[in-house]
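Trainee: Dropping the structure in here first, questions after.
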Amino acid sequence: MRWIPQTVSAGAIVAGGLVLIGWWLDVAVLKAPASGFPAMQANTALAFVLIGASLWLLLAESVISGWSRPLARVCAATVVLMGLLTLSEYLFGWDLGIDQLLVKDLQAAAGPYHAPGRMAFASALNFLLLGGALLLLDVKTRNGYQPAEHVAVAVSLVALLILVAYLYGGVAIHQVYPLATVAPHTAFLFLALSIGIVFTRSGHRIVGVMMSDTIAAVAMRRLLIVAIFLPALAGWVRLKGQQFGFFGTEFGLAVMVLFAIITLTASIYWQATSLIAAEEYQRGINEVSALLSRSFMLEDVFPSVATVITTLISCDRICVVVREGEKLVTVLSFAEPPLECFQGKTWRSSGKTAVEWVMDQKIPRLIQDLPREQTFADEAFVAREGIRSVLTLPLLISGEAVGSITLDSRLPGAYTQDHVTMLSSFIEPLASALRNAQLHAEVVRYSHELERLVEVRTRELQIANGHLADASRHKTAFLTNMSHELRTPLNAILGFSDLLCDQTFGPLTAKQARYANHIQTSGRHLLALINDLLDLSKVEAGKLTLRLEPFDLSEALTVAVYEIQPVADAKRLTIVPDIDTAPITLTADPVRFKQIIYNLLSNAVKFTPEGGTIRVSASLGRRESGVEAPPHPIPTTLHHSGDFVEIAVTDTGIGIAAEDLSRLFTRFTQLEIETTKQFQGSGLGLALTKQLVELHGGTITVTSAGPGQGSRCTVRLPMTPPAGRDMEKGC
């Protein structure tokens, strides 16, 4: 509402300037509006120019440099000073020589109420108040009181009194000392400036109440007009009736009271009907919002929504259309009586329909006489059903049209811009509900599609798992059968090779003995490979039985070292036992334990160059309340609690790269290291060892600082069998 103070300030400057020109050029019509009315004094005109300039500068301080506010205060303070000096002349009876400082008023004679060129007492008082209001414009007390707006209201009351007095004839006003010689256009400018000052700051309480969008503010604005003009009109009617002799004083008073009662009652009734309509409208909006938020299934609640809308806006059909790809679909329709057009219809988008135009332009389309104003193809179909008025609005969310809503009526001119404004309040909740319904439908569709895909994939996985299980069973059965079938002839080969090596059938030459020894060594290697395959197949088939029994750990390790010692001596390797001297009793399968240790020692001997060192260590660890004692933390895969034994085989061999550590326990795998090409193996040793360790409830880990830095293989086994594991248990 900045245009109000801007217009008022500009008007005050122009009016004051014209009056000053009238005084300087002696143009009577510029000084007084008509003969018989007092003229606006030159000092008064100058004060209006200063007040208008001050108000304009305060309004423009955001776009003008920082000197606008100080200059505005100077103008306002000058007006305050002019008012104070003039009031002092009236109160103390002196002449300060300021009245005719600008021009000489030679025609006016000194009277009992004023001196030539002097502004009226009321004018001086109003200028004092207006200047003070501008100086206090941004002052606010702790409780929110703003004196400027109340001072401006006081000025408006004085101005209204003068204007109403002029309305009733204006003769008696000159007999009232403070109001004498106040010109009518002076009073009008006082009233306009007081209103302009009130509207200068939007934070003023009066402006906030009057200009809000609430129903109470609308009622206040309407009743304020009645409150201002009704008493003035009633008084004027009484005055004119008495002047023309229609009635006397008493009856004239009665007529004025009756006139006030009738007009006030009519205005109250009019306002009450407006408030009722506004309440029904707000209730309708709330009801529609509640209905739309109740369910994602918009088609279930739309009839109720349409019923609410039809109680506020008369219509024969409500239709909601959305764009789905290249098609337009009527998703919702409500008609009384039913209309056939577009009922659940789908048609190809052509750009030649009203609903497309509304969604593309994002503006309403209002047709008050369809047969004359129809432009689009779809409007011709609607006109055939007798529709005369059409109102179509876009359903917008964040500036995007998700659809359109159309109201049809068989009456011409049924809709106006007021209906556009009214229906616009329903657009946001309806558009949101439509978008939510679309999103819900997409979620449901995607959910069903996902469930279908999951079901298909699950079925495929079940089939694949079944095939894998069958293949694994066939593989295990094949390995088991082949192991047994291979061992039968292999045992014969080993038996006869032993006889040859023992020279049971007679002495052998050195060459023959060497060949027999090769046969024996290869046969034993093949037998070990077959045994490993058989053990692996048993583990995977769950048929490997552990025969758990207590035995001395130190003795078992010593036996394993003793058996591998000849192989180590052949490579001039040093095996250093580092076993705890305290007796340690371990409960495990002695045969499988020996197999585990032998595999580790065999690997260490195989991959350690001549002259290297292999260290075998064993120590006891304890795990209590989740806190483990040294030597090393127990991995999370160790399925036991309490005491455990840690056996480590450390070598100075070829070492392992960090990225290859995870592949060590994969069956039939040997690391592709240049230095390993000279070593032959099946790749089953560590894989089988890991399976045997885990069957005992333990863990196995391998660490290495890198190629050429040696390696350390660590096995941790529980001192007692895991819970639920008996002395002899099929696995």
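Note: Cβ is positioned from N, Cα and C throughout, glycine not excepted.
No curator has checked TrEMBL annotations; they are predicted automatically.
Pulled the feature table from TrEMBL, pasting it below:
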TRANSMEM  7-25  transmembrane segment
TRANSMEM  45-64  transmembrane segment
TRANSMEM  71-92  transmembrane segment
TRANSMEM  119-139  transmembrane segment
TRANSMEM  151-171  transmembrane segment
TRANSMEM  177-199  transmembrane segment
TRANSMEM  220-239  transmembrane segment
TRANSMEM  251-270  transmembrane segment
DOMAIN    481-721  domain 'Histidine kinase'
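Are these features on the surface or tucked inside, and what are their neighbours?
Mentor: Only residues 6 or more beyond the boundaries of the transmembrane segment (45-64), in the same chain, are considered here, and those with a CB under 8 A from a CB of the stretch are 2, 5-6, 8-13, 15-17, 19-20, 23, 71-73, 75-76, 78-79, 82-83, 102, 119, 123, 127, 130-131, 134, 137, 189, 193, 196-197, 200.
Beyond the ends of the transmembrane segment (119-139), by six or more residues, the same chain brings 41, 43-44, 47, 51, 54-55, 58, 72-73, 76-80, 82-84, 86-87, 90, 99, 113, 146-149, 151-152, 154-155, 158-159, 162, 177-182, 186, 190, 193-194, 197, 200-201 to within a C-beta distance below 8 angstroms of the stretch.
Residues 37, 122, 125-126, 129-130, 132-133, 136, 179, 182, 184, 186-188, 190-191, 193-195, 197-198, 206, 228, 232, 235-236, 239 of the same chain, all 6+ positions outside the transmembrane segment (151-171), place their C-beta atoms under 8 angstroms from a C-beta of that stretch.
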Trainee: Can you tell me which parts of the same chain pack against the transmembrane segment (251-270), counting only residues 6+ beyond its ends and a CB-CB cutoff under 8 A?
Mentor: 222-223, 226, 230-231, 233-235, 237-239, 241-242
Trainee: Could you tell me the mean pLDDT the prediction assigns to the domain 'Histidine kinase' (481-721)?
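Mentor: Averaged over the domain 'Histidine kinase' (481-721), the predicted model reaches a pLDDT of 77.
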Trainee: Restricting to the same chain and to residues at least six past its boundaries, which positions have a Cβ under 8 Å from a Cβ of the transmembrane segment (7-25)?
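Mentor: For the transmembrane segment (7-25), the nonlocal Cβ contacts are 31, 40, 42, 44-49, 51-53, 55-56, 59, 102-103, 185, 189, 192-193, 195-196.
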